[in-house]
Structure formats: structure tokens, C-alpha cells
């Protein structure tokens, strides 16, 4: 974070000084990071007192000060120097009530509202000094694209990007406050669970470059329809000023339509060839035919409208055909910021999975390949994961009977896709059937409930008999089964929504065998 006095922070957030005099607040400076975990606080830091599942941050204020924090941003006095922003029903909290699960009295919402004010002020000052902000949204692929963009932009300057998927009302402003005066590029993921979320995040740190990847069915339960999801994703292009740039994946018709919703310049990316110059959605950055290697890493030729750039071969270091659109968007960001096509190609080739549990492919010493894609799941990403599994297991083809293929036994260990609302039963049924159509050898459905039953039943109805498809109670039961029956050379995909907890299973399964160099 930029260097600010405690007095200035208090002024920005509209708080009151408690257990610290105005004179001392004018002298004390926040020179470290802003943290919501007291164990992460260091000298010069600012601690956010937020309610949690196991404890309330207000109860850890003293330990944060002892660790070097200069003050605590809190909703009530905490017995140590604090900036207090008590909940005020007359002014509201900017729609932040309910964001934190364990926030019965609204104290967490008050602190989040203050955090947003602080991040907004810091972002404005840094943008005035030359910072470029990139915002990324989409129903799937945000984190993978963020990681790719970060690696490309690191060629050009200092980059700040969120770890993992810090993309909500807490993670977004927290990431903004990681930026300093030496930061050149700030990359932000923007997620949404209700209309207005993306607009609110964009108002905190207005992006100069906005990227929209796709409109899918993630969080369909909250929005009610794909059209409502599209309207919310459109909030990002609408937030970009005329001097900015919007990058759209026009292979998704809902995203292509967003070009009409922005006053900014539009850069279109597509997997299709550039065959219709002048048509509304003719791309500015596009690929030739895409091929996959034996581990489903895409290779393609990158084309741009710049006649000086020519066509450039790119071999991605990440896994899955679905990564092509993410890489195209990352390339478009890099080119817009001044990277050459050759620099983009080198960066994308050198980048494997960065964030944990997202298409991490590991081959153990015994030849078992584990595809860990357990961070989250929705119908689109689940289909992509199954297609990658089939490709790797069938030796670089989706058809194990194709001449030259070297089929390996495949396992799909799948859990629930959360937040799909009324479509949950149908979507889980489709995934079960798809696993059979892709000739997955063994399908292990983890958990219980109507959606999981639909996935299991869908596979059975599609023709999976006997022990080819099983339903186990929990991740522990799945691990027991895998340890007993996985053989050297098998390929195992593990995927579900984060709440299912399959990430720990993937970690153990990978650790069961030394990794092949």
C-alpha cells in the first residue's frame, strides 16, 4: 500500500479515532500491508477486524498491534489504537450486508465499506501517477486468464495480481491495496453473485482495460437466467471510459453483443479465422487451427491485424483446449500494453498453472497422471475437464479406437457443481452422460443429494454398468477406492466445486507417488 498517516486513513474512511490521539494519528504511518488475518500482519501494517467462522477479528486486535500494526480498522473499540467505523443503518453499507457469512450485526459490512473507500482513494492516486488497471470477468476462466496476463505483463513492468481467486468485495479491495507507487499494472478479477456486483467493484478501481471471457451458467442459482448473468457481466464494459479498451471473446455471442454497451475502443478475439473483414465481429486477434499435444497443451498460430507482426506460433504451457480463449485474451492485453507478439509467445509458452488446483497435471513416478481441477466447477469447466481427461487418456485423441492412439485407463472423480439453481439436476445429469460418451473408464461420483444422484443416474442411463460408475459418500471414501484400484499408467481427473473439498484428496493422491521428473 502507499504510505498514509493513520489520520489520513481515518479521513478517507469516515471513521473515528479510538485509543489514539489526533496528534499521534498524524504521526503514525501505514507503511506495510493491509491484512484481515492477524497472523499475516507485519510492521507498519493496518489490520482489518472482520468476523469469521471460528473467531472475530476484533478479538485479535491486540495481537495484530503486537505484531507491528499501527492501527486496527474496526467496527467497535478494541482496546488498542483503532479507526472505528460503526454500522450506521441511516447511510447503509453499499450493499455489503450478507457478504460475510458470519456477520450478524453488520460489523463486517461496515469494515468492508470502509475498506472499499480506502482502496478507491489509493487507486485514484496511483492511476494519476500512471498505474494501468486491468479488470477481468467471465463465468469461467478468470483466474487462469489473470495468471496468463500477469506473466505477459511482467515483461513490461511491475505487476500486482490477486493470489488464487481473490475477486469479491473483500479480495478485490485487498488486492488494490497491494499496489504501491512502483506498480505499473494492477490486474483484478471481478466476480458477481448478484446484479451490480461488477459495477461496484469497477467503481473502486476503474479499469483502463476490461476483459470479458464468456457468459456461462456459474451462479445460475443466484441470477435465475443466463440473460441476467450476461447483463451483470456487461457492467464491466459499461464501466470502461472512452479512453480505455474492452477486450471481448466474440466466440461467445453474449460477449460479442457487449460491444454495443461500451464507449471504449473494442478489441475482439476469436478462435475463428479472419475471413470476413469489416463484419461486426471480425476479430483483431485470432488463431489458426488449434492442436493439442499428448498432455492436452494447445498449440496454435496467433494472428493480429498489425501487418508488421505476422503470424506467430504459440505453444501454451497450460492444459486444456479451453485455455485457448484465455490465452488469446491475455495476448490481446499484452499487445495493447506494448509487448511484441514474440514476447507474448515466449511468456505464454513458459507459463504452466500458477494458481493451485486449476488444471494442474502431475505424473507420478508410477506413471499415474493426476489432473487436479478442484478449485471450482460449473458445467462449462466440467465439460472442459472431461475433454482434457479423454484426450490425455486416449493418447492425444478423443477416440481411443483411432489408429495410433495409446489408450490408458481413465478416472473421473467428480463432485457437485454448486449454485446452479433450478438447472442443477439437468446439468449434473448431462455431465454424467458426457463422461460415458467420452469413454471414461471409471466415474466416481462423490457425495449425496439430488444433484449428485442425477449425475450418477445420468451415467447409468447412458450405458455405464456395474462398477464403471459408482457413488461414494465423501472424499475419504473416494480416496480409499482410488488407492485400492488405481493402477500404474491410469489418468485421474478430480473436479468439483470448492465447497466439496476434493482439493485435499488431489493433494494426497499426488503425494502417494514421487513425481516423475
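Glycine is no exception: its Cβ is also placed from the backbone N, Cα and C atoms.
The feature ATP binding site is assigned by Swiss-Prot to 138, 139, 140, 141, 142, 143, 144. Reduced to three states, the DSSP call for residue 141 (ATP binding site) is coil. Around the Cβ of residue 141 (ATP binding site), a 10 Å sphere holds 25 further Cβ atoms from the protein chains shown.
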Cβ within 8 Å of the mean position of the Cβ atoms of 138, 139, 140, 141, 142, 143, 144: remaining residues of the chain near ATP: 136, 145, 213, 214, 326, 381
Distant-in-sequence Cβ neighbours of residue 142 (ATP binding site), under 8 Å, six or more positions away: 136, 165, 167, 189, 190, 191, 213
Chain-internal residues, separated by at least six, CB under 8 A from residue 144 (ATP binding site): 318, 323, 326, 353, 355, 358, 359
CB contacts for residue 140 (ATP binding site) [other CB atoms within 10 A, all chains]: 24
